[in-house]
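Below: one structure, written as structure tokens.
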Amino acid sequence: MSEPLRRRAILAGIGTYLPEKIVSNAEMAERVDTSDEWIVERTGIRQRHFAGRHETCAFMGAAAARGALATAGVAPEDVGAIILATSTPDQAFPSTAVHVQGMLGAKNAFGFDIAAACSGFIYGLGIADGMIRSGQADHILVIGSEVYSRILNFADRGTCVLFGDGAGAVLLSARDVAADGPGILSTHLHSDGTLADILYVDGAVGQPDKPGHLVMNGREVFRHAVTLLASAVNEALTANGITSKDIDWLVPHQANRRIIDGVGRKLGMPQERVVVTVDQHANTSAASIPLALAQAINDGRIKPGQLVLLEALGGGLTWGSALLRL
Ligand code: COA
């Protein structure tokens, strides 16, 4: 008797957008008292992209989404929902997702933004996975798009060297598959609002002192990051009855090379199976995972059928993991 099929959200397409302007560590050192050596040693970052005026959150998100639709061979009219994760939306409302919908001509979709800082893409995958499994939509765009250069305090060398701008998008499509077939296998989402004061933006459109700058207690974030990320990763392994040896690729949120290496070591993952792009993009928050995932798929490292574990942590604190088979 043949095995029953189950409805899953498969990764049907992926696309990215990076702003034209690349800013090296040496150029950052012209703006603040820092050096290439300090930044590389503490973070692994070598350069970042900074958006020009026309490269808004919606512009970049739409560009990445077009790439995802093109690789999937799906028309904009067939998209059922657009979920966009960002901390730097074009406007308080309409949501950036709705602007992207208009730019794409995805007239049959509904769209909304989610605010989960650097964990936004994982949160988006979790929401989209639930919507696809429940039959609410057949094709969902999950987009991370960020222009952190607009909220960085360029007088604070402890934060402004760490972040960059960019966008990444995936198209998730419903497919009936066997147990060992492709698709999102699980997502695990967490937050702890008692840690809100270690990484935040000190303003918003609803506040008198808008728009605000990013503020971070780097040491405290670092202290929590490796432990919480390792716990989210272990949660995914336990829920799926597997060990880290079964994982082909770890695609972590790209905040800091030392955090990435710390989680990799805790997991026992060899460095060759961990995708790292923080050196090229710095921390692009909700965009960092789809940017890294796209690079490793497009250069042929991640292959169809392989098991990929994603993990992220960000302001909130928020954190989580997603396991998917390509
Ligand atoms: N260039 C040169 N020196 C810098 C600097 C910079 N860009 N930023 C900070 N420093 C200095 C500090 O002023 C301090 O100098 P002092 O000892 O004279 O006071 C010294 O470097 C050490 O600062 P500290 O903040 O203790 O450094 P650190 O080893 O904790 O590294 C981070 C700082 C930010 C790299 C590190 O804390 C970190 O990676 N945290 C996690 C951040 C993160 O990933 N956040 C996003 C999560 S989504």
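The chain as shown is numbered from 1 upward.
In case you wondered, yes, glycine gets a Cβ from its N, Cα and C as well.
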*asked:* Checking feature assignment: region 'ACP-binding' per TrEMBL, candidates 239-243, 254-258, 299-303. Which range matches?
replied: 254-258
_Just to verify: the residue among C118, H253, N283 with the fewest other Cβ atoms within 10 Å, which of the active-site residues is it?_
N283
*Excluding the flanking five residues on each side, which residues at least 6 beyond the ends of the region 'ACP-binding' (254-258) place their CB within less than 8 Å of a CB in that stretch?*
42-45, 118, 162, 222, 225, 276-279, 281-284, 288-289, 291-292, 313
*Distance, N283 (active site) to H253 (active site) (CA atoms, angstrom)*: 8
*Could you state the whole-number distance in Å separating the C-alpha atoms of C118 (active site) and N283 (active site)?*
9
*Please classify the secondary structure at N283 (active site) using three-state DSSP.*
strand
